[in-house]
């Protein structure tokens, strides 16, 4: 029988009072936290504690639902490279949250574990339940709640009675958690967890930001959940430049991205040293909008609420009029991507259109949403005629 659980973390201030939680059903969940930590530490610790609490059921497949691309990418994509380099980044500095990462690596060994991305704060039942409990723990630490009153949960339940109790306890359990949050209950350390009992060190308190675990047995995808490897809409895009801004080393230098995948791409050096896979990601996002049609309403999801476009006549356009200008682009070449920080980047390119040749420039941004970075959105676009 496959165990399906959602894991989540919460930090008030990020860093600040923090909590973590994993949730299976009203009779089987656990939460913990610290007086000071980050959202990512909470997310990672929730997964670690879930692995520890289900260690005695290691022969059963475990499917973990996460709304954090950082956690999924760390565990399934970046960890093997970090481990190979002695848990150090390319600059020789230790990987952030290295103690939790090492513990995760030990717990994952030989287990059938898959990770699937779900959109946070979007009504997914298991994700909302885990988020609610993680935040309750963060609030408890913020208010200095007595440890005995912190809603740490019952832990993993093995008995058959658990399923029979799930329905009857669901309403009461939700009320208890909500009441505990209002009373300041939010963040006790979970039982039986080596990670939950440890306070994050100052060196790991910086935020950072997928899929079957490398070396684990193959798994299938649960119905209704999407594999984190198949990102297709704007809300599902993984971090682009946050991994660089924070000094992480996601790409294995022995397996570089193919620069030919970038339409009209220039040499790597002309992109400020950005890895080819990040450049390709940025260009592909722009191409998705350029190649969309008026009938494909999904393109509007890429637009920032305050999106602005300056066309060749100097007119300032907003709303869906921005898309009309973008869709007028022709063949693209001379692309150049420049990182403006962890939450924005600039993309410029040359466009050969039926009646003219233009130079185009776009600025894409991300914004913090509930202590999680939101999707990449087009904030500004300008078109200039080439004479």
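Backbone N, Cα and C atoms are what each Cβ position is placed from, and that goes for glycine too.
TrEMBL labels come from automatic prediction, so no person has curated them.
In the record from TrEMBL, residues 43, 67 bind Mg(2+) 1; the candidate from 8, 105, 112 listed for the same site is 8. Region 'Disordered' is the annotation TrEMBL gives to one range among 121-144, 145-168, 289-312, and that range is 145-168. Applying an 8 A CB threshold to same-chain residues 6+ apart, the list for residue 43 (Mg(2+) 1 binding site) reads 7, 8, 9, 20, 66, 68, 70, 71.
Taken as a whole, the domain 'RNase H type-1' (1-139) shows an average pLDDT of 92 in this prediction.
Between residue 131 (Mg(2+) 2 binding site) and residue 67 (Mg(2+) 1 binding site), the C-alpha separation comes to 10 Å. Within the domain 'RNase H type-1' (1-139), the DSSP-based counts of helix, strand and coil residues read 60 helix, 41 strand, 38 coil. Cβ crowding, taken as the number of other Cβ atoms within 10 Å, peaks at 8 among the binding-site residues 8, 67.
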